[in-house]
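Novice: After the structure tokens below, expect a handful of questions from me.
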Amino acid sequence: MKLKTRLILSGTILISLAACYFLVLLVLDLEITRDLMTDYVDPRPLQTSYHKLCVIVPYRDRLEELREFSPHMSKFLHNQNVSHHILIINQTDPLRFNRASLINVGWNEADRLGCDYMVMNDVDLLPVNPEVPYDFPGIGVIRHITSPQYHPKYHYEKFIGGILMLTLKDYKKLNGMSNKYWGWGLEDDEFYLRIIDSKLNLTRVSGLSTDSSNTFRHIHGPKRKRDYTPKKNDKNQWEIKRKRDHVSGLHDVRYLIDSRQLLDFSGTSVTIINVALHCDLNWTPYCKS
């Protein structure tokens with residue numbers, strides 16, 4: 001009986017010693033891990049959410065502006081901890097400039113890259129007030145960033161040009177933008193009608209500490225001549241352009257990708273998508289200069 005008791009006590013003591021030994025090892029391991037974590041610094045920028053923004057820039061022959069836009073925009077978004085891609089949609093064909101179709105192409109590229117929201121951002125318009133929001137706007141919300149009270153030039157009530165943000169899902173719901181606008185102007189006004197018809201929530205940035213003179217910087221040079229559309233002497237264009245387009249949009253934009261390339265501007269990498277658009281001369285004969 002005494003021998004059995006001694007064996008039981010010995011076993012208990014051994015188990016206790018083993019438990020103490022593993023406890024000491026665990027404490028030491030935690031201390032080492034804590035020291036390693038203290039010395040480790042994550043080199044990646046802090047992300048406020050899992051959302052990813054694609055900055056879509058419709059573009060042609062604006063290299064001087066692009067050199068300034070790219071590093072400025074990248075720094076601005078990094079300061080807001082916004083995960084992003086900058087996509088320059090470069091029109092390479094000889095047709096008149098078609099901003100809306102290029103943005104439709106940009107949506108396809110943004111979807112391919114896994115972005116869940118997008119901002120249409122003209123290359124000559126730079127946000128300078130850090131309060132200007134580029135974070136995720138939410139489903140069903142369209143955020144006009146260059147609202148009339150802050151845009152350097154345009155202040156009319158229905159203006160939604162310059163910089164406009166929404167989710168990729170909502171852009172698809174709107175069927176994107178009309179493809180009939182060749183030349184400069186009016187595509188935003190038609191897109192405004194699409195938004196109103198859709199019942200999506202159009203919001204405008206407000207409550208900033210700045211005004212139209214110092215919220216954005218407009219770097220469009222006076223030597224940059226705009227190809228206004230419609231031509232003033234073409235009554236047919238006026239009739240076509242002023243009507244709501246229920247036919248064309250994201251689903252039927254026709255184009256050919258010539259190439260994709262990465263360009264570096266002062267340490268900022270942007271993706272250039274070289275695009276040749278297609279024009280239906282029977283529908284929009286004014287696509288040629």
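Any Cβ shown, glycine's included, is placed from N, Cα and C.
Keep in mind it's a predicted model, so treat the numbers as computed, not measured.
What Swiss-Prot shows for this protein is this:
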type: TOPO_DOM; residues: 1-6; note: topological domain 'Cytoplasmic'
type: TRANSMEM; residues: 7-27; note: transmembrane segment
type: BINDING; residues: 58-62, 97-99, 123-124, TYR154, TRP184, 218-220; note: UDP-alpha-D-galactose binding site
type: CARBOHYD; residues: ASN81; note: N-linked glycosylation site
type: CARBOHYD; residues: ASN90; note: N-linked glycosylation site
type: BINDING; residues: ASP124, HIS218; note: Mn(2+) binding site
type: BINDING; residues: LEU186, GLU187, ASP188, ASP189; note: N-acetyl-D-glucosamine binding site
type: CARBOHYD; residues: ASN201; note: N-linked glycosylation site
type: REGION; residues: 214-236; note: region 'Disordered'
type: COMPBIAS; residues: 217-226; note: compositional bias 'Basic residues'
type: COMPBIAS; residues: 227-236; note: compositional bias 'Basic and acidic residues'
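Mind mapping these onto the model and telling me what they sit next to?
Specialist: Per-residue pLDDT, averaged over the topological domain 'Cytoplasmic' (1-6), rounds to 53.
If you draw a 10 Å sphere around the CB of VAL123 (UDP-alpha-D-galactose binding site), it holds 21 other CB atoms from the protein chains shown. DSSP classifies VAL123 (UDP-alpha-D-galactose binding site) as coil under the three-state reduction.
DSSP assigns ASN81 (N-linked glycosylation site) to coil in the three-state reduction, outside any helix or strand.
Within 10 Å of the C-beta of ASN90 (N-linked glycosylation site) we count 21 further C-beta atoms, all protein chains included.
Take the CB of HIS218 (UDP-alpha-D-galactose binding site) and look out to 10 A: across all protein chains shown you find 14 other CB atoms.
Cβ neighbours of ASP189 (N-acetyl-D-glucosamine binding site) (same chain, under 8 Å, six or more residues apart in sequence): LYS158.
For the recorded site, ASN201 (N-linked glycosylation site), the DSSP three-state label reads strand. Neighbour list (ASN201 (N-linked glycosylation site), Cβ cut-off 8 Å, at least 6 residues apart, same chain): GLY140, VAL141, ILE142.
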Novice: Listing them in sequence order, which of the recorded positions ASN81, ASP124, LEU186, GLU187 have their Cα within 10 Å of that of HIS218 (UDP-alpha-D-galactose binding site)?
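Specialist: Candidates kept after distance check: ASP124.
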Novice: Return only the integer: C-alpha distance in Å from ASP188 (N-acetyl-D-glucosamine binding site) to ASN98 (UDP-alpha-D-galactose binding site).
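Specialist: So the alpha carbons of ASP188 (N-acetyl-D-glucosamine binding site) and ASN98 (UDP-alpha-D-galactose binding site) sit roughly 12 Å from each other.
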Novice: Rounded to the nearest angstrom, how far is the Cα of GLU187 (N-acetyl-D-glucosamine binding site) from the Cα of ASN98 (UDP-alpha-D-galactose binding site)?
Specialist: 9
Novice: Can you tell me the three-state DSSP label for GLU187 (N-acetyl-D-glucosamine binding site)?
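Specialist: It is helical.
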Novice: Near ASP124 (Mn(2+) binding site), which of the recorded positions ARG60, ASN90, TYR154, LEU186, GLU187 can be found within 10 Å, Cα to Cα?
Specialist: none
Novice: Does ARG60 (UDP-alpha-D-galactose binding site) have same-chain partners at least 6 apart in sequence with Cβ under 8 Å from its own Cβ, and which are they?
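Specialist: Non-local contacts for ARG60 (UDP-alpha-D-galactose binding site): ASN90, GLN91, PHE97.
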